[in-house]
């Protein structure tokens, strides 16, 4: 229990710091702490069972043919520059008999011009073919060259190059026609099948709204189970939180109390030692004084004897042999001991153990006191489930979606025959297009073979008038290609014009106006549609709404109940407000209070013991006088030093009697030192230890005891208050956490109803999908098909002309018989026998 002197100031400072921290903890209640942040586990996961009836959104897929599609659309925009014919369509829909042909022709003027060109081409090319056949029968077309000229080679090469380029253009066009035709075929079947499938999906989506709403309501089981699970651990969590937040203050107060109890016990022990040791030292001094006086007298007499040799040097020390410290002069502590007599009357260790145990039992006590409110909150969650069920019970859609379902079912039934007819005509178009493209490829093959054989024959012919079989064959292949072109050109023209008329009007009348929303504006304008086609009434839309506004609302994620005409307004947001369901839960939890018991750290008898200890006068004792006396030795002259000096003098004496007396005197001094003096020095050391402890404790005794009593009283008074504050804080945190669960569910309900279960977005998605299928996936390749096939047909004309012109160059030149004197026509010409065979 000793304490080094150098640590006294550190102990005092540590005590002051501990007192400041304890006071700060008491002045800043634990209830001001913030709630813990929401953990990742606080996010609820809901099951979505409505995904199988969604309408997947389709998008335009980028293609390598997009430049061709863009070129065709620009050509169609040049052909048809008129906007949507609203007046003409209104008349056609309301009074078909009032539509005049001139109005239609005026709107379709670009197509009429194209039809005239197609008719001219259809008639002119076959007529030209017939004329060519007649000339061939008269040997007037496609025959031989009549004379050889030097420019024939250049002309022949020019014709070969032109025909080759023309054939390459036709080849590229026919390849594009085949690719786009195949793409139309691939997109047509799924596109046509998507129409009834989408209508059926929309009907199913609307029909399953009640089941979907009920499914959404049943998902309240997810937050309910989470809240009930949290309620199961709420009471223990609250108790542990109170214990955790208050244990620092409580344990610090208990530790301070334990220190003061230790100070009381230790101080009493040292006071008893102090009193007992001081009495013993005073008694021992009284007993030592005559013996020491006798030893001094004998030593002085001996050293003063003339026979004693060299004894004068020690005589002075022997004469100063006298007692030092006098402990009869120190203050008495009997009064302090009398005041502290019988202390401690209380068992501080048991008291601290009981206080610690009471404080540590707070979690179990919280579980016991909160059992009833936890059960009430579980019952409230069952009632909250019934309140949430009203979302499904009050949902108005089942009574107002019948007209929409009937309209969709009627559209689905009526569309099937038309779609079957479209599919059948598409099959015919694909067959015709494939056959005609194959014929064009055959014409190109004839051109290629004819040019190859003709060029090879020319290279092998030595004389232009010689007959060469390969050149003749090349000429016949070219004429075969010409004949096929004349024979099938009119079919090509008819197919191109038919597909052009359908695809062009689809693009300019439907797709273009669909993309710029002109169709919706036409449908929204009153009077444009006949009463039997009133879409607002057939779809049961709001009276103050129109198709464009409904489409925009649906596309932005509005609910069906927000666009339909209901007898009463239905505000989903009002049904999804958290207070509507959590008010009773909040009130029951907010009104709860619990007395977690009082924690007594110090009983009254213990407080009286400490108060008695503080006013015992321990700090009034003059410990400096003890320290002053302890600085003095028991004997002022060192007995061991004097004894050793006498022993040294003994050895120097020649007189044996004096030497014997010196030895006896030294022995007596050693005996006094080893018995009486050492015993007193041990008592002085014991006294010094007690004086040191008491002198260090006494100046701070009043302050420490007062601080301990004040701290203990403050902790005992504030623990229940702070426990209530922490209880309210934890319940508030719990409430906010559970309300977040409920808010998550209600937000999910609103999002799911608007975007999935009862959303009208599938209607807008279906319209967008229809535009993507019709315009992007069918109309674009369809128009590219007739455009490519039209390029083939157009370039067949230069191909025919070039092939006919080139045929003459592959046959032998016909030289006329002329007079030998004529040098102008054929100079230096010697007729050959082979030339006369003509």
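Glycine residues also receive a Cβ, built from the backbone N, Cα and C atoms like all the rest.
Caution: TrEMBL annotation is automatic and unverified by curators.
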Transmembrane segment per TrEMBL - which of 477-502, 503-528, 529-554: 477-502
Quick test of your reading of TrEMBL: among 158-180, 181-203, 204-226, where does it put transmembrane segment? 158-180
Expected hit for transmembrane segment in TrEMBL across 784-806, 807-829 is 784-806
Which range of 349-375, 376-402, 403-429, 430-456 is transmembrane segment in TrEMBL? It is 430-456
Contact count check, CB pairs under 8 angstroms to the transmembrane segment (784-806), set 109-137, 158-180, 430-456, 477-502; argmax is 158-180
Outside the transmembrane segment (158-180), six or more residues from its ends: residues with CB under 8 Å to it: 65, 68, 433-434, 437, 440-441, 443-444, 447-448, 451, 455, 781-782, 784-785, 788-789, 791-792, 795-796, 798-799, 802-803, 805-806, 809
